[in-house]
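Student: Per Swiss-Prot, domain 'CARD' is recorded for 1-90. Swiss-Prot lists 106-415 with the feature domain 'NB-ARC'. What Swiss-Prot lists as ATP binding site is G154, M155, A156, G157, C158, G159, K160, S161, R265. The repeat 'WD 1-2' annotation in Swiss-Prot covers 655-694. Summarising the annotation, Swiss-Prot assigns repeat 'WD 1-3' to 697-738. The repeat 'WD 1-4' annotation in Swiss-Prot covers 741-780. The feature repeat 'WD 1-6' is assigned by Swiss-Prot to 838-877. Sequence annotations record features per position, and here Swiss-Prot assigns repeat 'WD 1-7' to 880-910 based on experimental evidence. The region 'Interpropeller linker' annotation in Swiss-Prot covers 910-921. Positions annotated as repeat 'WD 2-1' by Swiss-Prot: 922-958. If you look up Swiss-Prot, you'll see 1001-1040 marked as repeat 'WD 2-3', on the strength of experimental evidence. If you look up Swiss-Prot, you'll see 1042-1080 marked as repeat 'WD 2-4', on the strength of experimental evidence. Per Swiss-Prot, the feature repeat 'WD 2-5' maps to 1083-1122. Sequence annotations record features per position, and here Swiss-Prot assigns repeat 'WD 2-6' to 1125-1164. The repeat 'WD 2-7' feature in Swiss-Prot is assigned to 1176-1213; the stated evidence is experimental evidence. The repeat 'WD 2-8' annotation in Swiss-Prot covers 1214-1249 and is backed by experimental evidence.
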Amino acid sequence: MDAKARNCLLQHREALEKDIKTSYIMDHMISNGVLSVIEEEKVKSQATQYQRAAALIKMILNKDNCAYISFYNALLHEGYKDLAALLQSGLPLVSSSSGKDTDGGITSFVRTVLCEGGVPQRPVIFVTRKKLVHAIQQKLWKLNGEPGWVTIYGMAGCGKSVLAAEAVRDHSLLEGCFSGGVHWVSIGKQDKSGLLMKLQNLCMRLDQEESFSQRLPLNIEEAKDRLRVLMLRKHPRSLLILDDVWDPWVLKAFDNQCQILLTTRDKSVTDSVMGPKHVVPVESGLGREKGLEILSLFVNMKKEDLPAEAHSIIKECKGSPLVVSLIGALLRDFPNRWAYYLRQLQNKQFKRIRKSSSYDYEALDEAMSISVEMLREDIKDYYTDLSILQKDVKVPTKVLCVLWDLETEEVEDILQEFVNKSLLFCNRNGKSFCYYLHDLQVDFLTEKNRSQLQDLHRKMVTQFQRYYQPHTLSPDQEDCMYWYNFLAYHMASANMHKELCALMFSLDWIKAKTELVGPAHLIHEFVAYRHILDEKDCAVCENFQEFLSLNGHLLGRQPFPNIVQLGLCEPETSEVYRQAKLQAKQEGDTGRLYLEWINKKTIKNLSRLVVRPHTDAVYHACFSQDGQRIASCGADKTLQVFKAETGEKLLDIKAHEDEVLCCAFSSDDSYIATCSADKKVKIWDSATGKLVHTYDEHSEQVNCCHFTNKSNHLLLATGSNDFFLKLWDLNQKECRNTMFGHTNSVNHCRFSPDDELLASCSADGTLRLWDVRSANERKSINVKRFFLSSEDPPEDVEVIVKCCSWSADGDKIIVAAKNKVLLFDIHTSGLLAEIHTGHHSTIQYCDFSPYDHLAVIALSQYCVELWNIDSRLKVADCRGHLSWVHGVMFSPDGSSFLTASDDQTIRVWETKKVCKNSAIVLKQEIDVVFQENETMVLAVDNIRGLQLIAGKTGQIDYLPEAQVSCCCLSPHLEYVAFGDEDGAIKIIELPNNRVFSSGVGHKKAVRHIQFTADGKTLISSSEDSVIQVWNWQTGDYVFLQAHQETVKDFRLLQDSRLLSWSFDGTVKVWNVITGRIERDFTCHQGTVLSCAISSDATKFSSTSADKTAKIWSFDLLSPLHELKGHNGCVRCSAFSLDGILLATGDDNGEIRIWNVSDGQLLHSCAPISVEEGTATHGGWVTDVCFSPDSKTLVSAGGYLKWWNVATGDSSQTFYTNGTNLKKIHVSPDFRTYVTVDNLGILYILQVLE
């Protein structure tokens, strides 16, 4: 019955007892079904009318709302209108078994039952936790009137009591399962006398009529019996709720076949009792949204209006209901103390977060401390040892076995006690267990045991050293990942500086750790412990950090590269090089192949960090506003977020259904926007990676997105192929403004520094400026006109304006289109400066430095350039990417800039350290002569001059000539020959540099040139399909003309013969003296890409774009064998010296080794693909060469690889800085190798002795 109805009945009880006659009234109530015949007899048995009336009213008080309404109607019907009027104000609005009132859907029946049972009311500030409440109710339904236990357990302050009360605040549950009522008993930590008092009070509550006994039970056993009888006879189908049970022995007093719901921190308390048991674990946190909701209710603000500190408070306490409520209550009194309470929480000052409340403890540390104090004395120290664990780290059992020097089973038993008492959490992973502490428990332990922490960390390290050697940890060990991630942390925290330096400066440790977890965490440790490592040796620390940062894109790939070989590429002064060389020599004794890069002194690495977060092209990357993070997106449809200093991955989000084209941080760094070819724009929470909004109003792919620069009112601008710009307000679900005006795709947009204007670039050849407030066009600048010549009709010229960037003062803007960067004054639209980057590349992207006059420009030929806009001079040339650079961006302070490329990497460069524009870069046209003690290289540089380089000494002689297209050295280094783009051929005599010119040149660019063995004759081929034989000493010429298309290449044979092959699919054998064809082989339907000649000159091989290779005899016009099976163009081939084997390489990165005699395939050498869709061998295999003993094969592709011919396995890989190697020159003894990559870097490699 409602409390209001009951009060009304009690208030007018005396008047009713005096006046009413019960017999007729009871007839009405029996007919209504609210009074039984037996109850009528009880009333009638009373002696007087007054006693009969008193007995009826007592019965009605024990009934529900229906009885009250029936009694009221009976009074009216029997003429007691005055008495009925007294009861009218107490009439319930609804009956007990139907309908709900307005208070959260709780019926008056529920409210009455809970009030009578002593169930606590909802807290003043309350948020629902529907999932957990439903889980508890499901377990209660399972009791179904039968005896049993439902246990709600969790750590201190997680809201167990509130959840228990909320679970029984349900009409159908009470009516269906617990019609006898609910009885709440607060237990807490009790001794026997305290428990007896609780039981006495409960028995008295349940037997208010004292029908079973006139006195209270004298001991626990008697109380247990009394309780059993009361529950069975007077309160069947009722629920007993025991709140905050600590000890198993307490429950034995209630183990008398009741239905019991209990809350506890120790889930093992029910182990001591009988009957069915159900368990509901309570997560320690509310979740971000629920936590914010509680704070907003306490301070009476909207969730979205809460300050940033509110989010940090929730994050810091992991949504602990107790902490959020304590802080909320304090903020209600002191609304300006957000920062103060956040600081106390961060500093673990729990004593200062104190507030009186309905909870038993005024501060979190009190609530947690009592749990620890209740542990057995013999395991308290073990719990103290957990003080050194880090937040959110799951620790395998084996780690604690090492720490405590105990067997696994013993450790699991100890830890299970902590888990049972909600002092520790456990994750089961297959057969093994991992344990972790809640953040607040970590904070509590850290604060409580602060004076012991250093010793505890030292104990951890010492125990590790007893069990393991750092680099011998095996990946199949349960605890190996923990030690790799946290051993350095324990050493640093233990003040064990010597041990930390020895660990971090060990190439063995670097190798073992990077192979398992990649380089980012190690870089983070070098940054974090730099102050300690620098004490030992600042230079060594820098050596290792630079090694990891610049090789990160390799160290994160599979198969894992040989770290010793990578270390050998470091400068000779580096500690990494010293250790690598030592290891290489030790392993070399066992036959392991290692290579020394002997000319590496001339190479400077300019990048500060190289990361490879994507598995496909990276289209865009950007810094966060604080410069600490980088977001990137690309063709793999993902958004990646990582630390700008170390490359540590923070978020990996499958963002869109198609390529992600652009991403941007909001000005407060709270959000990241992405836009995609799937036509959608998405907003993500930058901390959690949670999707916040999806906008899909563009009708074509969305190319760009950019947030306003100020955070007071966040707007996002997007541009699309649908020709429109759109402005989005993150507080709205739909587009705020659409801007019309462009007549072609919008490629790029940027807000001005003051957010007043929005600049947009389009394929229509214009830059437009828009007023952000009105969304009206303010100005249009026709960029296209700066690319028109007088004879070109404007409609025939397409100028795509790629991007734009504002100057820091907002008065100027740079625009990139084709191969020019233009600087405009936004007030006058006048052109202030023009930068021309050259004819051979297009500008992909540009960015203006925030603090000086530098602009960084990304070019299509893999290069990035820094220009001074004022002086219009190039300041730096940054090479390192292996493919198109799609995006560049300065950091907010301008000290560094990033570049994003098609090669799947992002590089971070320090602005001040990038090299000045003085480096001369080599082209891939080289010739090599190997001498006994020297390797001489003739190379063409980017100025098209010639360089003669002594490999070992590094001495360079410059032979400047313009437009050199190919070159060669005579066998004895007496002469240099070269051809140019115009078809001319010249010879330079060394060392006097006298020049001889061919009187008859080629009509087109010379592509190949070669001296005969005696150096007297020079043979050349060109794009004009003619081979020229020039005896330059006599001036005689022979022209070999028969090929129908360009000659691909040629080789000299014995007896004045020459083998040539062509795009026309033929191979021809010539007599170079007479110029006649001796043999004409029609080899392939496609282009003949290469030929190789056996050492006995009886056979040759041909490879083709038709994916086949063939073996031929010079005596037969039909092939001996056709070699099929390659899935790409077969680009190269080589015979072994003994003529038994032939190796072929294709465009898929596969090398095949064949038996020459029968054409059978012996081995397929295909490196494991790094990522799905990535070419093996880093690209096309362009050259192969056997060792003299035919046991080893070297191949060139994206990098160099050495193979064991007998097994087909890779024996070494040398990763060049660049890629797309065209050829490898190998010394006769197979110990020196020379090549040039596409960055123009020369590699002279020698087998390490």
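In case you wondered, yes, glycine gets a Cβ from its N, Cα and C as well.
Thinking about packing and proximity, how do these listed features fit into the structure?
Tutor: With a 10 A radius on its CB, A156 (ATP binding site) counts 26 other CB atoms from all the protein chains.
Outside the repeat 'WD 1-2' (655-694) by six or more residues, the chain places 288, 308, 315, 619-626, 629, 631-635, 637-639, 641, 700-711, 714, 716, 718, 720, 728, 730, 733 with a CB less than 8 A from a CB of the stretch.
Within the model, the repeat 'WD 1-3' (697-738) carries an average pLDDT of 93.
Counting residues per DSSP class in helix, strand and coil order gives 0 helix, 22 strand, 18 coil for the repeat 'WD 1-4' (741-780).
Beyond its flanks by at least six residues, the repeat 'WD 1-6' (838-877) meets 802-803, 805-808, 814, 816-821, 823, 883-890, 892-894, 897, 899, 901, 909, 911, 914-917, 919, 1238-1239 of its own chain at Cβ-Cβ distances under 8 Å.
Same-chain neighbours of the repeat 'WD 1-7' (880-910): 553, 605-623, 625-627, 630, 632, 634, 644, 844-852, 854, 856-860, 862-864, 1171, 1198, 1217-1220, 1238-1239, counting only residues six or more beyond its ends whose CB sits under 8 Å from a CB of the stretch.
Beyond the ends of the repeat 'WD 2-1' (922-958), by six or more residues, the same chain brings 598-599, 601-602, 964-969, 971, 973, 976, 978, 988, 990, 1221-1223, 1225, 1227-1228, 1232, 1234, 1236-1238, 1240-1242, 1244 to within a C-beta distance below 8 angstroms of the stretch.
Using a Cβ-Cβ cut-off under 8 Å and counting only residues 6 or more beyond its ends in the same chain, the repeat 'WD 2-3' (1001-1040) has close neighbours at 965-972, 974-975, 977-985, 987, 1046-1047, 1049-1050, 1052, 1058, 1060, 1062, 1068, 1070, 1072-1075.
Same-chain residues lying 6+ beyond the ends of the repeat 'WD 2-4' (1042-1080) with a Cβ under 8 Å from its Cβ atoms: 1007-1008, 1010, 1012-1013, 1017, 1019, 1021-1027, 1029, 1086-1091, 1093, 1097, 1100, 1102, 1104, 1112, 1114, 1117.
Residue counts for the repeat 'WD 2-6' (1125-1164) by DSSP state, with H, G and I taken as helix and E and B as strand, are 0 helix, 21 strand, 19 coil.
A Cβ distance under 8 Å defines the sequence-distant neighbours of the repeat 'WD 2-7' (1176-1213), meaning residues of its chain 6+ beyond its ends; these are 561-562, 565, 592-595, 882, 1128-1129, 1131-1138, 1140-1141, 1143-1151, 1153, 1162-1170, 1219-1224, 1226, 1228-1230, 1233, 1235, 1243, 1245.
Cβ atoms under 8 Å from those of the repeat 'WD 2-8' (1214-1249) belong to residues 554, 561, 565-566, 568-569, 581, 584-585, 588, 593-599, 602-603, 605, 862, 879-880, 882, 903, 921-924, 926-928, 930, 935, 937, 939, 941-942, 949, 951-952, 1178-1180, 1182-1183, 1185, 1187-1188, 1192, 1194-1201 of the same chain, restricted to positions at least 6 beyond its ends.
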Student: Where else in the chain does the repeat 'WD 2-5' (1083-1122) make close Cβ contacts, counting only residues six or more beyond its ends and a cut-off under 8 Å?
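Tutor: For the repeat 'WD 2-5' (1083-1122), the far contacts come to 1048-1049, 1051, 1053-1054, 1059, 1061-1063, 1065-1067, 1069, 1128-1135, 1137-1139, 1142, 1144, 1146, 1154, 1156, 1158-1159.
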Student: Give the helix, strand or coil assignment DSSP yields for K160 (ATP binding site).
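Tutor: For K160 (ATP binding site) - judged by DSSP and reduced to three states - the answer is helix.
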Student: Is the repeat 'WD 2-6' (1125-1164) packed against any residues at least 6 beyond its ends, judged by a Cβ distance under 8 Å, and which are they?
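Tutor: Non-local partners: 1086, 1089-1096, 1098-1099, 1101-1105, 1107-1109, 1111, 1175-1186, 1188-1190, 1193, 1195, 1197-1198, 1203, 1205, 1207-1208.
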Student: Let me know the most crowded of the binding-site residues, choosing from K160, R265 and counting other Cβ atoms within 10 Å.
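Tutor: Buried the deepest by this measure is K160.
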Student: What three-state secondary structure does DSSP assign to R265 (ATP binding site)?
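Tutor: In three-state terms, R265 (ATP binding site) counts as coil.
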Student: Across the record's ATP-binding residues G154, M155, A156, G157, C158, G159, K160, S161, R265, the largest CA-CA distance in angstrom?
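Tutor: In whole numbers, the farthest two Cα atoms are 12 Å apart.
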Student: For the binding-site residues G154, C158, which one has its C-beta crowded by the most other C-beta atoms within 10 angstroms?
Tutor: C158
